[in-house]
Each structure stands twice: as structure tokens, then as C-alpha cells.
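A.B. asks: The structure under discussion is supplied below as C-alpha cells; questions concerning it will follow.
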Amino acid sequence: MTQVHCTPAQKAVLQLLRQQIEPISAQALYTLIKQHQRIGLATVYRALDALKRMDRVQHRVTLTGEKLYNAVEQDRHYMTCLDCGQSFPLNTCPLKGLEFSLQHSSSFTIYYHTLEFFGLCEPCSAQGG
């Protein structure tokens with residue numbers, strides 16, 4: 001990634017995102033960040049949008065339509081239960097070979113990708129979900 005100037009708000013958002021183990025909503029991020037500095041929710045959203053354009057942040061959308069954000073450190077992949085909405089991270093990336101092939105066979109620069117499988121988790125499946 002190229003070095004790009006970030007505003008203080010963008011730096012604060014990115015730093016907090018890097019500390020998160022799981023992707024986080026903008027509202028939850030706002031709740032955490034306002035404990036340490038004066039910042040508005042709209043500023044958090046603007047910072048997230050700018051960081052996405054800089055390829056420093058990515059998001060995925062939950063079943064309820066909520067966006068969950070994480071810093072682009074590595075590609076993250078999930079299995080999401082259609083019944084309870086719980087997401088389970090995958091430990092491996094089955095698309096690395098395809099990404100490498102596409103990167104070298106086209107004039108398209110790939111920054112990251114997402115992959116999500118939808119189905120039923122074991123408890124929901126056992127309940128007849």
C-alpha cells in the first residue's frame with residue numbers, strides 16, 4: 001500500500017481498528033473512540049469512507065445490513081449462520097491461488113478480497129433452523 005496522509009481522526013480510527021480482534025460496526029467504533037477523544041459519529045463514518053478509498057479498511061455486511069469494518073492487514077473470510085447470524089472466521093484462504101493468477105494475468109490491481117459462506121451452524125441445524 002502506498003503511503004497516504006491521514007487526518008488525526010483517520011489515524012485514530014485506523015489505530016483502533018487494528019486493535020480489534022473481530023470486525024466492528026461504526027457505532028461500536030464511535031463508542032470506543034469517544035472515550036479517548038472528542039469526535040462525532042459523522043466524523044467516524046467519514047474517516048471510515050476515506051480509509052476505504054485508501055485501501056486501509058474493508059467492510060462486510062451482516063444479515064441485518066450492518067457494516068462491520070476491519071483494517072486491511074489480511075483477507076478475512078467467514079461462515080455465517082442464516083438463523084442466528086453468528087459468524088465463524090475461516091483460518092485459511094482458499095482464494096490465494098486465484099488472486100495470484102488474476103493479479104498476474106490481468107491489468108487489474110487487487111488490494112483485497114472477501115469470501116463468506118452462508119448456511120446453518122451446528123446448534124441451529126440441530127434445532128431444525
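Placement of Cβ uses the backbone N, Cα and C atoms for every residue, glycine included.
If you look up TrEMBL, you'll see C81, C84, C121, C124 marked as Zn(2+) binding site. Taken from TrEMBL, the feature Fe cation binding site covers H113.
Neighbours and distances for these, please.
C.D. replies: Every protein chain considered, the tally of other Cβ atoms within 10 Å of the Cβ of C121 (Zn(2+) binding site) stands at 19.
H113 (Fe cation binding site) carries neither a helix nor a strand DSSP state and counts as coil. Note on H113 (Fe cation binding site): other Cβ atoms within 10 Å of its Cβ, all shown chains, come to 15.
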A.B. asks: Using C-alpha atoms only, work out the spacing between C84 (Zn(2+) binding site) and H113 (Fe cation binding site) and round it to an integer in Å.
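C.D. replies: Between the alpha carbons of C84 (Zn(2+) binding site) and H113 (Fe cation binding site) there are 25 Å.
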A.B. asks: Taking the binding-site residues one at a time (C81, C84, C124), which has its Cβ surrounded by the most other Cβ atoms within 10 Å?
C.D. replies: C81
